[in-house]
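Engineer: Mind looking over this structure? Questions follow.
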Amino acid sequence: MRKSFLIAGVALIAMAGSAAGWVATRAVPDAPPAASFAVLDAEKNEVGRYVVPADKDIFAQPNADEIIYGKRLLADTARLLPDNVGAAMNCNSCHLLDGKIDAANGYINTVNFYPRVMPRAGKEVDLETRINGCFQRSMNGRPLDREGREMKAMIAYMEWLRQGVAKEHRVDIVNAGPVDESLIPDPDNGKAIYAQKCAACHGVNGEGMRDQFGDIIFPPLWGDESFNIGAGLARTYKAAQFVKWAMPPAMHLDGQLGQGGVLTDQEAVDVSEYFTHMPRPDFAPKVNDWPNGNKPKDARY
Amino acid sequence: MRVLKLALLAGLSALAIGWGVAASTPYWFAPKQDRKVDIADPELIARGEYLARAGDCVACHTAPGGAPYAGGLGLQTPLGTIYATNITPDPETGIGSYDYGDFERAVRKGLRPDGVHLYPAMPFASYKVVSDADTEAMYAYFMSAVKPVAKQNQPTTIPWPASLRWPLAWWQLLFAQPRDFEAPQSDDPLVARGAYLVEGLAHCGACHTPRGLAYEEKALKEDGSGRFLSGSVLEGWYAKNLRNEDTGLVTWTEEELVTFLRTGRNKRTAAFGSMSDVVEHSLQYLGDDDLTAIARYLKSLPPRPGREQWRPKEDVTTAALRGGDFSAPGAMTYIEHCTACHRLDGKGAPEVYPALAGNSMVFADDPSSLIQVTLAGGRMPSTPGHSMAFTMPGFAHLSNADLAELMTFIRNGWGNHASAVTEADIARMRKEIAHKPVHYAPEAAQ
């Protein structure tokens, strides 16, 4: 009798032990390892990996407040900088998801890219000048003080996003994907595509959509409150690259914004020809652009 | 020893009687009707098509990418996966050899012509209230207008002995007694029509009414207990409370509800998961009068008795986020991954991105739907009224810890308040998503 109790006891303990072991070894499902991009040197050799940092890591930075302020300015530019923004546009209207994704005008390589000789300016342009170019063209407004708190904060955010990638290296992402520039645009087809695939957010008359406070949800694509004629996005093929690879968002079950990949090259060129050529503000200093020639074929002036 | 023998004998006798009763139900509990239907009557066929839409037969009886009504969609149960059957009029593999009596018995009584009892995944307990005239019309439609597809049914993955079908007869005796439709007391004929559709063909309760231990819906109609359509979880989706109360539909107007049923979206929210399919396959085809009837009936369902009503708290989130205070736990993750669409004020963009503020799916007692849609993403139904069907991408690449904190933030932001979501909740849903059934659609591969 006592022996059978003993055997039963041992068996029970063994069963409990193996059950506990089974529970302990069973992996708790969690996120897959973080996706990363290659870091390339000038000869395009991979010299490391870049992982897009989580925003909550900003709290650990010594200049966290400055970075967060910069991040907010990029996202809510029109609301926070009304004296400098003339259009109903924010930086992040084009630089999607805080400049953190591929083929949507990311900020990841921005600090390392400048200063650089740019064909439109015909001379070396530094980052402050480039940012002010956006304010004057895409946001149809006035430049920021180059030494001001706002400019420094925006650059602090981009500097944090660089994650210490060396100046001579770059993360293997692109500003925009390719589009066949030999295609001839058909603006009538573009108008139909706009009504079908763009108007739900950007409005039947290109007026965009605003929230309860009057802030921009979806920016206007033409009219007085849109980007002016001097913006890169006013050019058909440049716009088409953005439209094809970054628009519309919320189309797929994967990708951070589920963005892009809806239109063919031809459709992207057609719809871009249509909306870029709708009425929009002029840009007086356009006379200074491309002083050395080589003007792209889709330049507006 | 004698006691043991007696017990064994008693057990075997009980089993034999149990089996005998079950095997005989086709003769006394679910007898076959003898009735002729003119399946060539075009008016009847057209009405049958509309009613089959209302019944959303296509949603379960069609595999993704498969031929309509040819079956193969897997339904998860705790014991295994059940595959919906081929209900095209193919005589060999479908229902082509059914006469009206066979069809009626399958739809309203849960019985196959060979006497095998159907799983209650088929909502025959709801279809019991469908009228004779409507059942006849659907028979005409299926026999005359659905394209026959030769496709064998896929066996369930439920293991023996749970796979035995005769015990289902006892389920039917207990939970699917014959009953006729009883219109609710109301002067408004639309409320009665709505009740008929909701309880019957539309079988809203199949997802939205909580189920008991035996998988039975705790109420098949409004019975004063408040259980009918009070919200339930199926396949990891929480089908929300549809009663006219706090976490239900009290803040929705009848018009908003009709718009939602027709298009899968309105100014406050959007359908996703199974509801997106329901709108796409069924509700968008219903007439305005029937959609209004459904909405009016749902708005007539009183709050559950004896329950404290949920009230929104003061919104401090909007001002904090607009002012740049992202210090609350989960706030920075929200700012990083969610604000681009759902916005600082949690209001989203009307008819494009659903609001999180005041959205009862978000602060529902059961956060399953919020967790699943955040992990796996979701897609609005595609309807003629809207040229664009938007998605939410999945965020399975975020860690359990980040997601738990984020969802707790959302469930308690902008005036919402609800229980916290834990890392274990997220891990559990990851497992559930990983083990979704493989939909069986061999004709799609051919």
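Each Cβ is built from the backbone N, Cα and C atoms, and glycine gets one as well.
Predicted automatically and left uncurated, TrEMBL annotations should be read as such.
Annotated heme c 1 binding site per TrEMBL: B:Cys57, B:Cys60, B:His61, in sequence order. Annotation source TrEMBL lists heme c 2 binding site at B:Cys204, B:Cys207, B:His208. Sequence annotations record features per position, and here TrEMBL assigns heme c 3 binding site to B:Cys338, B:Cys341, B:His342. Residues annotated as domain 'Cytochrome c' in TrEMBL: B:43-146, B:189-302, B:325-414.
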Engineer: With an 8 Å cut-off on Cβ distance to the B:Cys204, B:Cys207, B:His208 Cβ center, who else from the chain surrounds the heme c 2 site?
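Structural biologist: Result: B:His203, B:Gly205, B:Ala206, B:Thr209, B:Leu229, B:Ser232, B:Ala239, B:Leu242.
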Engineer: Determine how many residues of the domain 'Cytochrome c' (B:325-414) DSSP places in helix, in strand and in coil.
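Structural biologist: Across the domain 'Cytochrome c' (B:325-414), DSSP assigns the residues as follows: 32 helix, 6 strand, 52 coil.
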Engineer: Measuring CB to CB from B:Cys341 (heme c 3 binding site), give everything in the same chain under 8 Å that is also at least six residues away in sequence.
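Structural biologist: Within the chain, B:Cys341 (heme c 3 binding site) has Cβ neighbours under 8 Å at B:Gly348, B:Ala349, B:Tyr353, B:Met392.
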Engineer: Taking 8 Å from the centroid of the Cβ atoms of B:Cys338, B:Cys341, B:His342 as the cut-off, which other residues in that chain fall inside it around the heme c 3 site?
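Structural biologist: For the heme c 3 site the neighbour list reads B:Tyr334, B:His337, B:Thr339, B:Ala340, B:Arg343, B:Gly348, B:Tyr353, B:Leu356.
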Engineer: Could you give the number of helix, strand and coil residues in the domain 'Cytochrome c' (B:189-302) as assigned by DSSP?
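Structural biologist: Computed counts for the domain 'Cytochrome c' (B:189-302) are 49 helix, 10 strand, 55 coil.
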Engineer: Would you count the other C-beta atoms found within 10 angstroms of the C-beta of B:His342 (heme c 3 binding site) for me?
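Structural biologist: Result for B:His342 (heme c 3 binding site): 22 neighbouring Cβ atoms inside 10 Å.
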Engineer: Taking only the Cα atoms, work out how far B:Cys207 (heme c 2 binding site) lies from B:Cys60 (heme c 1 binding site), in Å, as a whole number.
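Structural biologist: With distance taken Cα to Cα, B:Cys60 (heme c 1 binding site) is 13 Å from B:Cys207 (heme c 2 binding site).
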Engineer: Just to verify a number: CA distance, B:Cys57 (heme c 1 binding site) to B:Cys338 (heme c 3 binding site), in angstrom, no decimals.
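Structural biologist: Approximately 36 Å lies between the Cα of B:Cys57 (heme c 1 binding site) and that of B:Cys338 (heme c 3 binding site).
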Engineer: What are the other residues, in sequence order, whose C-beta lies within 8 angstroms of the center of the C-beta atoms of B:Cys57, B:Cys60, B:His61 at the heme c 1 site?
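Structural biologist: The answer, listed by sequence position, is B:Asp56, B:Val58, B:Ala59, B:Thr62, B:Tyr69, B:Gly71, B:Leu73, B:Ala84, B:Ile87.
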Engineer: Can you count the other CB atoms that lie within 10 A of the CB of B:Cys204 (heme c 2 binding site)?
Structural biologist: 22
Engineer: Return only the integer: C-alpha distance in Å from B:Cys338 (heme c 3 binding site) to B:Cys60 (heme c 1 binding site).
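Structural biologist: Cα-Cα, rounded: 33 Å.
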Engineer: Of B:Cys60, B:His61, B:His342, which is closest to B:Cys204 (heme c 2 binding site) if I measure between C-alpha atoms? They're all binding-site residues.
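Structural biologist: Checked the binding-site residues B:Cys60, B:His61, B:His342; minimum Cα distance to B:Cys204 (heme c 2 binding site) goes to B:Cys60.
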Engineer: What Cα-Cα separation, expressed in whole Å, is found between B:His342 (heme c 3 binding site) and B:His61 (heme c 1 binding site)?
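Structural biologist: Pair distance, Cα basis, whole Å: 35 Å.
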Engineer: Using Cα coordinates, what distance in whole Å links B:Cys60 (heme c 1 binding site) and B:His208 (heme c 2 binding site)?
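Structural biologist: It is 16 Å, counting Cα to Cα.
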Engineer: What binding-site residues from B:His61, B:His208, B:Cys341, B:His342 have a chain A Cβ less than 8 Å from their own Cβ?
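Structural biologist: Only B:Cys341 pass the 8 Å Cβ test.
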Engineer: Sorry to bug you, but what's the C-alpha spacing from B:His208 (heme c 2 binding site) to B:His61 (heme c 1 binding site), rounded to the closest Å?
Structural biologist: 20
Engineer: Summarise the domain 'Cytochrome c' (B:43-146) as counts of helix, strand and coil residues per DSSP.
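Structural biologist: Computed counts for the domain 'Cytochrome c' (B:43-146) are 44 helix, 12 strand, 48 coil.
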